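S.K.: Annotations per TrEMBL:
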ACT_SITE  330  active site, proton acceptor
ACT_SITE  418  active site, schiff-base intermediate with substrate
DOMAIN    39-120  domain 'Copper amine oxidase N2-terminal'
DOMAIN    130-223  domain 'Copper amine oxidase N3-terminal'
DOMAIN    253-665  domain 'Copper amine oxidase catalytic'
MOD_RES   418  2',4',5'-topaquinone
SIGNAL    1-33  signal peptide
């Protein structure tokens, strides 16, 4: 057996080396290096985060201050392009965008790191509050454990407080015009005999915490219902009992010469791609300056200036007093980057992955390190890049095929009960595929029911087990995609597929379809609910054409179209109005980054993508941004219990008349493998 294993390893090693050579001739760097200068789109370094803390605290030395968001104040595009054209040892001036709370007021601050001064400081007085910090949430969830009324409530339910764990939930907005306090709700769970605390909610208790004063300001205990049992809820392998499922075979990817990509700072070069990867406390991974090498033009060509998830809207469908407020905005309220999980080698990422750390500012401005925040790896999934078998030539069979290889950038954000697996996948053909996988634990509520036949009222979900209802809910992810197709001046074209009737008597056919192109001139013309009309959606450069005369472009290939089912005047949907359409196009605006607005917690929908587009700005032959909303309606099922198998959705950005022909036609095929050293031949 061992002899066969060693033979297989040797064979696999040879195959892997062949795969590594597949695209080696196309690995050409557009820039030889930055000669020691810092890239203008690099995330703030630990040193810079510390400098921000020092400058801001010095300015408010006698005040109570917290750092709710600290990130790069992105330079204007022309400045970035100018630097990239002639990178030198000189770093561009670096600035930080900072949202703070000072004496219960929100300040929006810009810090010039080069000059070490604050150049802008404005008090925000409108609706909404900035990102919650992890530290203040940790402080808030400790409050019930020493709060007399809660301890009495636990005793009344025969619960040991030492097994109680609490979690924070934003309160939303439900029509109040006057400004409210910066509060959150705290719900508690019982984790005795299981670590799967979210499946054991303690019902009937309402706790409201004032975050600025860090104290409980509202408390009620209105009813009592048994906590669901712990049996069968623990997902740890060490706690499982027979019978077990099938054993999964592992697979190792061997790369004798190391990874097939290069990382220089935050710039990644692989095969025919070069792009920049940054970490942000609010949105997580940011892909910038993605360019692909064109072997016929002998140059790198731009396609994506900046891309990232902008917001995740998660409204739950239980309108009762205990649950109606659960309508979350995970990026703007909790932060994907702030909740980035440290990726586990060989489990979250394959053995050929390379890891990168992330950094963000804590509540007090100090630097927090997220080890293994990203992993980057080549994916060899056994897919086919392209192939054809020709059987039409007499007495000949011709087969040509090329194996697919792609590069994946991955991050996982764990927001409370849900894990979000965020992938950006780059393909040699020029496509970028994005995917978000959902796993983790469902949001549940306790019930007296143990069988569906007992249910005689609306339960707003699915009975998953004894006394446990999995609540219905949605996930709407909004991507911000600042596409620059061969330059910044682009247009959005809807290529509608239209049925035509055959009216002449020459053809026996009665109908066919054809393409009728429509270029959106303004924002309102570009809003689309997918699934209504068959069409191809293309971002083109109207100033550049292929030899046959087609405009250079990239096409959006959506996944399943999902539309909101809430009424548009329902308060959560007013705040999440950016999910009303699957596609939006706006002119580039440096300040329009977050689809839910800058200050999402308790916002009133006053600063969203839906509001921005009401200006109906010009988008034809302009620097434009594509916004794409993907979603799931999640009606839970028993297979989601006690932990959910990953459910994925995504989309593809695919070149459309961008190249003169198939850009991977001439990739080097694998060399024949000699099996003489193997004891077993295939």
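Keep in mind that glycine also has a Cβ here, set from the backbone N, Cα and C atoms.
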S.K.: Cβ-Cβ under 8 Å from the residue listed as 'active site, schiff-base intermediate with substrate', same chain, 6 or more residues apart: which ones?
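M.R.: 314, 438, 439, 440, 441 - these are the non-local Cβ neighbours of the residue listed as 'active site, schiff-base intermediate with substrate', listed in sequence order.
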S.K.: Let's see if you can do this one: DSSP helix, strand and coil counts over the domain 'Copper amine oxidase N3-terminal' (130-223), in that order.
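M.R.: Summed over the domain 'Copper amine oxidase N3-terminal' (130-223), the classes give 28 helix, 29 strand, 37 coil.
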S.K.: Taking every residue in the domain 'Copper amine oxidase catalytic' (253-665), what is their average pLDDT?
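M.R.: Result for the domain 'Copper amine oxidase catalytic' (253-665): average pLDDT 96.
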S.K.: Would you mind checking how many other C-beta atoms are within 10 angstroms of the C-beta on residue 330 (active site, proton acceptor)?
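M.R.: Around the Cβ of residue 330 (active site, proton acceptor), 24 other Cβ atoms lie within 10 Å.
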S.K.: I'd like the per-state residue tally for the domain 'Copper amine oxidase N2-terminal' (39-120) from DSSP, helix first, then strand, then coil.
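M.R.: The counts are 23 helix, 28 strand, 31 coil.
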